[in-house]
Amino acid sequence: MIYREAGQFKTSYAADQAIFPIRLDRWGMLVTLFVAFFVIPVVANEYWLLSILVPFLVFSLAAIGLNILTGYAGQLSLGTGGFMACGAFAAYKLSTAFPELNILIVFLLSGGVAAAVGVLFGLPSLRIKGFYLAVATLAAQFFLIWMFNKFGWFNNYSPSGVISAPPRALFGDFYVTGASASPVAKYLFLLGFVAVMALIAKNLTRCKIGRSWMAIRDMDIAAEIIGIRPLMAKLSAFAISSFFIGIAGAMWAFIYTGSVEALAFDINRSFQVLFMIIIGGLGSILGSFLGAAFIVLLPILLNNVPGLIGWQIPVDMIAHLEFMIFGALIIFFLIVEPHGLARLWQIAKEKMRLWPFPY
Amino acid sequence: MFFSWPFFFEVLIGGLLSGVMYSLVALGFVLIFKASGVFNFAQGAMVLFAALTLVGFINMGVPVPLAIVIAIIVMILLAYAVERAVLRPLVNQPPIILFMATIGITFFIDGFGQTLWGSDVYALDIGIPNQPLFFGDILVNSFDLVAAVVAGVLVAVLAVFFQKTRIGRALRAVADDHQAAMSVGIPLRVIWVIVWSVAGLVALVAGIMWGSKLGVQFSLALIALKALPVLILGGFTSIPGAIIGGLIIGAGEKLAEVFIGPFLAGAIEDWFAYMLAMLVLLFRPQGLFGEKIIERV
């Protein structure tokens, strides 16, 4: 009875085309943002901020990126880790080579570098598709990690191959990276960034370019016939997706872990992000957030719940169980709800509209 | 310069023989793809699972031949479970969804196998000779020769199975068109179980060979990642393609590592196969031996 749209009349095209046409959705989003920006920094402790919320936001950004490519444009990619590494190392090189450059610009530029690399590895998508392309993106994954691992130039010849984020401030002494940055500052910066990027992604998928991605996804030859240029659609999907993923990689290195080596972005990272978008929902920005939350929280739950109810499970057993549960969940979601958690949320909203009458 | 012809041939032969091992894994992929149109990412996990099962039973004191029989039965049960739990509900889904489902299977089997048998490294010794042999100046490992013979026999058996038997014909019909095959009375589910069982057997053979070479451990599952470029190079639907692709990748990889690697900081084996396969795909999108598919709306 609370959630309903009756009586909300749209009197202009702009109102009809809004992102949240229903008033309650708008309020819900505003409340969520208010809580995220003003309540959480006050309430949450350092563990929550740095070990749960920051990785959640970083993964959300990566998942949005992969969702653009796989969910919206239908190009399966297993090279996410490689593109994340690209962003991370580009940000490191840029911020050490130009120390006076604002960190925000560094992140955007590193996303640009990742986008360029993404386009390069997206070129085969013009001729091959489906699993052939998935395997070709694995080439990106292995090649990029090898390159960052083997050539000292990328990590400024550090003997361990580890890059550490230099301390940088967004403005004044509002440090967002390095040891002197407070958890709240890191969190707020990341949150603001992710919120803006998510809004951009949402709008991209609603406009002409997003529609051309979806046409290519649904049937590429038909899309070509009705006048969509596959070259532009596919390459733009690769570029924009890699842009998001590259920034996520830079955030991972600079804000989440602070120091990172190339191997942190190995193929398991790619699978992790892929699982996020499958569980969260292919072709949904909300789903990227839900999937990221799910995958970040599940291991924490698995580690803590057996202890709480008195089971003693050895650590390696938990790791294997995690594998099994992830695998089973993937199959479960693909069979039962191919559109993921986002679709479940949508169904819940549909039900609420009709509540208390089922039809 | 360290180049000399005997050394070159030694590297080449070593590469070709390790390529045979890649082909063994790639064969499992091809079998499933040919008969059900599913790109089975889980083949590597199946190799690991088969080898773990075998070693697990041998370590429990079961004699080797009996352990192999048990492992075969386990793989058939696995095939049945996969068909029942994953394939049947996903009939008629786009291939890419099935592919992602097999990634899920991969994770599940990896976790399951290690939950059952632990994640230690096990030695697997079923009496394959492992002495170096010399042909003139060229050093060849006898183990690799045995592997090549095994692969050859396996391919011959499979070729006969696919070409001459009733089931083989049914398999090819299913691969061509699921619906048409069903409408002439070919039981799709039975065929799937057979195909996944055969792929499980191939995984067992590959697991035995790789396991006795490297020890049975988690990295066996990663061999699947080596077999993928073999596959796209050879074409998904071609058994000879898997063999020849394996040989090309094996030889190319070893030669590149030894002769180009030093100029590029080494360890280029990790990605060379993928880059090679990707280059081939740019010119022949269906692989060397794949079927050209003409699409229309």
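Glycine residues also receive a Cβ, built from the backbone N, Cα and C atoms like all the rest.
Database features (TrEMBL):
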type	residues	note
TRANSMEM	B:12-33	transmembrane segment
TRANSMEM	B:38-58	transmembrane segment
TRANSMEM	B:64-82	transmembrane segment
TRANSMEM	B:94-118	transmembrane segment
TRANSMEM	B:138-162	transmembrane segment
TRANSMEM	B:190-210	transmembrane segment
TRANSMEM	B:230-251	transmembrane segment
TRANSMEM	B:263-283	transmembrane segment
Problem - Which of B:64-82, B:94-118, B:138-162, B:190-210, B:230-251 contacts the transmembrane segment (B:38-58) most, counting Cβ pairs under 8 Å - result: B:94-118
Problem - Interface present between the transmembrane segment (B:12-33) and the transmembrane segment (B:190-210) (three or more C-beta pairs under 8 A) - result: yes
Handout entry: Stretch-level contact, the transmembrane segment (B:230-251) and the transmembrane segment (B:64-82), CB cutoff 8 A, at least 3 pairs
Key = no
Fill in the blank from the handout: Given the transmembrane segment (B:263-283), its same-chain partners at Cβ distance under 8 Å and 6+ residues beyond its ends are 226, 228-230, 232-233, 248-249, 252-254, 256-257
Practice task
Compare B:12-33, B:64-82, B:94-118 by their Cβ pairs under 8 Å to the transmembrane segment (B:138-162) and return the stretch that comes out on top.
Solution key: B:12-33
